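Participant: My questions all concern the structure below.
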Amino acid sequence: MEIVYVEIVDVRAREVLDSRGNPTVEAEVVLEDGTVGRAIVPSGASTGKFEALEIRDKDKKRYHGKGVLKAVENVNETIAPALIGMNAFDQPLVDKTLIELDGTENKSKLGANAILAVSMAVARAAANYLGLPMYKYLGGVNAKVLPVPLMNVINGGQHADNNLDLQEFMIVPAGFDSFKEALRAGAEIFHTLKKILHDSGHVTAVGDEGGFAPNLSSNEEAIKILIEAIEEAGYKPSEQVFIALDCAASSFYDEEKGVYFVDGEEKSSEVLMGYYEELIAKYPIISIEDPFAEEDWDAFVEFTKRVGNKVQIVGDDLYVTNVKRLSKGIELKATNSILIKLNQIGTVTETLDAVELAQKNNMTAIISHRSGESEDTFIADLAVATNAGFIKTGSLSRSERIAKYNQLLRIEEELGKVAEFRGLSSFYSIKR
């Protein structure tokens, strides 16, 4: 049988804007019959130090130094000639070519933003050529699991100008039979939360990911308000809706002193662990991301040993979607879950490799957005393609977040009877 070979005939990029009004890269890949695939890369605010590197122009006269004309030029002048004539259906070879063309460990020569835009656009062009939805092209015939959404409705840390140390306080509507029902619950809780905050005199403007950023007395108060919103919206905490935290602990870690600053106090890893354990005992917390700094492996290992049988411990900055770092985490039993961000590693193939490695080792994978997003819905399809069971794509406001939720609604409808929303069963790495 002949392998389908459809030539890439053109690759081009342009500078477009992300949801923060900052420049980012959009790539277009054209195939021999005129089929086009287009993709826009996201950009993070709190970045792990081991992430693949996006290239910015640093010309202060344009976009305050955040332009991406160099990355665009790298696509048009270096990447395009190398990919033209290649088979659009050979994604691993396309991505290998991109990696070798760059030649650096962290994609700093051509830029992860240039490389990823092209990698995603090739996948989309191939799917479009076949007339297949993206999730089916990437995931094959068995792609059918709709993800449980982790919805970031209260922001702190580097995502907000308030006094909360933890970066994200999320609601997790896992106790439902379909994605559609879970999304509805999330939206209703979001609007109830808005009313509660408004009635208490808090500003209800939303941050980069669509969540609220109130000044509250403590991290614990944020959790209490979430519970209140869940109940007032008519749902049951710990049965239908749970709480997830993204601590982004590297952002409140003092490397010189080796301590964490939380709620105005210095805490050692051990004391911080106790602080989290108290919260877990009091509230229906089902998932905690980056509870410690990205180099504090020992704390991750100890914490997972203590609470990993009842809470999903997620590595984000710890792993940066990197198979090498993930392998270390698996060996050490550092976490029982990984956050997956395409632009942390920089190609579609490497992202799929990270998900596969996690799942093989009984770890869950959470497909995630970045704080600087766009109308591109690639990650919604990726979540279903990998049967990941989880997605983190922001709050219930701002079109660049809602775009992903709406795409998942379409996918659930398209899959019909074979669609699976596994709810609490998605947390297979903990004993729930």
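Here the Cβ of each residue, glycine as well, is placed from N, Cα and C on the backbone.
Note that the coordinates shown come from a computational prediction; the quantities given were computed from them, not determined experimentally.
Annotations for this protein, taken from Swiss-Prot, read as follows:
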type: ACT_SITE; residues: Glu209; note: active site, proton donor
type: ACT_SITE; residues: Lys341; note: active site, proton acceptor
type: BINDING; residues: Gln167, Lys341, Arg370, Ser371, Lys392; note: (2R)-2-phosphoglycerate binding site
type: BINDING; residues: Asp246, Glu289, Asp316; note: Mg(2+) binding site
Participant: Counting only other Cβ atoms and using a 10 Å cut-off, which of the binding-site residues Gln167, Ser371 scores lowest?
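Facilitator: Each of the binding-site residues Gln167, Ser371 was scored by Cβ atoms within 10 Å; lowest is Ser371.
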Participant: Just to be sure I understand: of Glu209, Asp246, Glu289, Asp316, Lys341, which recorded positions have a C-alpha no more than 10 angstroms from the C-alpha of Arg370 ((2R)-2-phosphoglycerate binding site)?
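Facilitator: Checking each Cα against Arg370 ((2R)-2-phosphoglycerate binding site), the hits are Glu209, Lys341.
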Participant: Write down the Cα-Cα distance for Lys341 (active site, proton acceptor) and Ser371 ((2R)-2-phosphoglycerate binding site), rounded and given in Å.
Facilitator: 11
Participant: Tally every other Cβ atom lying within 10 Å of the Cβ atom of Lys392 ((2R)-2-phosphoglycerate binding site).
Facilitator: 30
Participant: Cα within 10 Å of Gln167 ((2R)-2-phosphoglycerate binding site) is the criterion; apply it to the recorded positions Glu209, Asp246, Asp316, Lys341 and give the hits in sequence order.
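Facilitator: Taking Glu209, Asp246, Asp316, Lys341 one by one, the ones whose Cα falls within 10 Å of Gln167 ((2R)-2-phosphoglycerate binding site) are Asp246.
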Participant: Would you work out the biggest C-alpha to C-alpha distance among Gln167, Lys341, Arg370, Ser371, Lys392, the residues that bind (2R)-2-phosphoglycerate according to the record, and give it in angstrom as a whole number?
Facilitator: 17
Participant: Measure from the CA atom of the residue listed as 'active site, proton acceptor' to the CA atom of Lys392 ((2R)-2-phosphoglycerate binding site) and give the result in Å, rounded to a whole number.
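Facilitator: It is 10 Å, counting Cα to Cα.
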Participant: Rounded to the nearest angstrom, how far is the Cα of Glu209 (active site, proton donor) from the Cα of Lys341 (active site, proton acceptor)?
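Facilitator: That comes out at 15 Å between the alpha carbons.
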Participant: Return only the integer: C-alpha distance in Å from Asp246 (Mg(2+) binding site) to Glu209 (active site, proton donor).
Facilitator: 13
Participant: Hey, for the Mg(2+) site built from Asp246, Glu289, Asp316, who else sits with CB inside 8 A of the CB center?
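Facilitator: For the Mg(2+) site the neighbour list reads Gln167, Glu168, Leu245, Cys247, Ala248, Ile288, Asp290, Val314, Asp317, Leu339.
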Participant: Provide the number of Cβ atoms within 10 Å of the Cβ of Glu289 (Mg(2+) binding site), excluding the reference atom itself.
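Facilitator: Neighbour count, Cβ to Cβ under the 10 Å cut-off: 29.
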Participant: Fill in the CA-CA distance, Glu289 (Mg(2+) binding site) to Glu209 (active site, proton donor), as an integer in Å.
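Facilitator: If we compare the Cα positions of Glu289 (Mg(2+) binding site) and Glu209 (active site, proton donor), the gap is 17 Å.
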